[in-house]
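Asks: Have a look at this one before I ask anything.
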Amino acid sequence: MAFSSHVRGLRARLYNAAANPPKLLYVFFLIVFLELEESVQRAPTIRILENAVCQQHYRTHPISHGIEESMCKTAQIQSKLAHVRGILSFFDALPVILLGSFFGSLADRKGRRLPFALAACGIICQMAWIYFTAYMWDRIPIEVVWVSSAFRLIGGGPNLAIALCLTIASDLSTDDTRSKYFYRVFTASLVTDLVGPPIAYTTLKSSLWLPYLVCGISLLCTFPVLLKMPETLASNVRQHADIEGPVERTGITAYLQFLKDWRILVGVATVFLAQFRNNTIEILLPYTSIRFGLELGETAMLLSVVSAVNIVVFLILLPAATTFLQENIGLSSHLVNMYVARTSSAMLTIGAAILAAAPNVGIVVFALIVYATGFGVRLSILAVLTACVSSTKETARLYTLVATTDAVAHMIASPSLQWVWGRALHIGGRWVVLPFLVLMVSSLLIVHVPKILRLSGHFFPRLYNVMSLDSA
């Protein structure tokens with residue numbers, strides 16, 4: 001009798017949990033579906049663009065037999081591919097820069113779900129255009145793929161979608177728990193990145209279009225989640241945001257107000273430099289493919305190493321270290337995040353140096369393990385910046401500012417690194433590691449920026465007072 005009562009109670013709790021799941025669980029699902037698309041399409045996109053460039057090249061330089069992937073690794077083809085990808089990255093960043101403030105204000109006025117849905121629609125349209133352009137390589141120039149960036153005007157693209165997920169997580173957290181919530185959300189992203197490359201590798205062996213089908217289905221799965229998910233922006237905050245003036249809502253004024261705070265300005269500069277780590281990962285796939293004779297599908301498996309290490313770091317090491325430093329040592333959450341940012345930056349620098357010197361794939365894997373432990377720098381800085389804003393209604397705008405900064409950094413870093421990569425291919429020899437030397441320098445700069453962020457309040461107290469008066 002007691003056992004059956006226990007079973008009924010357990011069943012009731014499970015039913016209640018299924019009917020009313022924790023709000024953070026919705027964020028996990030959104031991140032998983034969004035990151036699955038981003039993770040799976042990375043290598044296939046490079047491959048279909050490489051195939052298009054390669055086919056067009058050999059159409060003007062005919063050969064007597066079929067074209068294998070290994071024949072597409074020449075310096076001329078890879079330099080053209082780097083040029084196409086670099087300009088595409090530049091155009092991809094423009095919609096976030098142009099409309100980031102609008103979508104941030106929209107999230108503060110109408111809630112978080114609508115902007116995310118728009119972003120998902122835009123990403124699906126962009127994927128379809130990229131595949132269409134690469135498929136029609138014999139009829140249209142590959143440069144037409146740049147038009148795909150226009151679809152990011154619908155919602156701002158994946159950067160803003162991820163920023164909205166972090167905004168929702170911030171809505172559900174406090175100052176003391178925010179970094180831990182970010183780590184958990186980011187862990188969901190990393191688990192997805194762990195399984196994404198094997199899916200890309202498996203589907204890419206079957207056909208070039210199958211990975212894109214997986215990506216499209218993954219993004220479509222976000223819409224049922226959005227329909228079921230309760231709004232996390234309080235109704236009173238939305239009502240207050242609705243009565244603000246149009247310039248304050250959508251113009252650049254709100255972002256300039258943020259940058260008057262020296263802490264936010266320095267933090268945003270750190271986010272700018274941290275973006276280089278992602279852009280250098282873009283070089284990793286073609287670099288290892290050319291340097292060590294691997295297929296692009298095989299090189300994508302290296303990204304699973306980064307994800308596996310980051311799962312351990314964000315799920316276990318960083319939360320445990322944060323709890324220990326706060327509860328046992330007595331450090332504030334601000335100081336803990338500063339230490340995490342500096343340590344992470346140092347690991348990025350060391351990992352980049354080992355990548356540049358790696359003589360074989362085994363050392364590359366070891367370098368990626370070291371390098372991956374440094375990915376906590378951005379979330380740590382983001383947790384510090386969140387504590388600098390005055391109210392929850394400004395959170396989405398702050399995160400949109402960060403996403404816009406990411407876009408500006410991506411717009412600068414990606415074409416620059418692709419150009420460096422193209423020049424390195426022309427020079428040849430050991431100079432192919434040049435992009436990783438650039439990453440090492442940028443990571444070294446980040447090591448010192450969090451120290452400035454920590455001490456800026458002591459160095460510029462008068463400036464803070466003046467800005468506070470101006471804001472009033």
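Heads up, the Cβ atoms here are built off N, Cα and C, so glycines get one too.
Note that TrEMBL annotation is computational and uncurated.
Relevant sequence annotations retrieved from TrEMBL are reproduced here:
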TRANSMEM  12-34  transmembrane segment
TRANSMEM  87-107  transmembrane segment
TRANSMEM  114-137  transmembrane segment
TRANSMEM  149-169  transmembrane segment
TRANSMEM  181-201  transmembrane segment
TRANSMEM  207-227  transmembrane segment
TRANSMEM  300-318  transmembrane segment
TRANSMEM  433-453  transmembrane segment
Asks: Counting only residues 6+ away from its ends, which parts of the chain sit with a Cβ under 8 Å from the transmembrane segment (87-107)?
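Replies: Long-range Cβ neighbours of the transmembrane segment (87-107): 114-115, 118-119, 143, 145-146, 148-150, 152-153, 155-157, 159-160, 164, 167, 233, 241, 249-252, 254-255, 279, 282, 396-397, 399-401, 403-404, 406-408, 410-411, 414-415, 418.
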Asks: Six or more residues beyond either end and a Cβ under 8 Å away: which residues meet both conditions relative to the transmembrane segment (300-318)?
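Replies: Residues packing against the transmembrane segment (300-318) from afar: 39, 42-43, 179, 183-184, 186-187, 190-194, 196-198, 200-201, 204, 281, 284-285, 288, 340, 364-365, 368-369, 371-373, 375-376.
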Asks: Sort out for me which stretch, of 114-137, 149-169, 181-201, has the most Cβ pairs below 8 angstroms to the transmembrane segment (207-227).
Replies: 114-137
Asks: Same chain only, please: residues at least 6 beyond the ends of the transmembrane segment (181-201) with a C-beta under 8 Å from a C-beta of the stretch. Say none if there are none.
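Replies: Same-chain contacts beyond the flanks: 24, 27-28, 31-32, 35-36, 38-44, 162, 165-166, 169-170, 172-173, 211, 214, 297-298, 300-304, 306-308, 310-311, 314-315, 318-319, 376, 379, 382-383.
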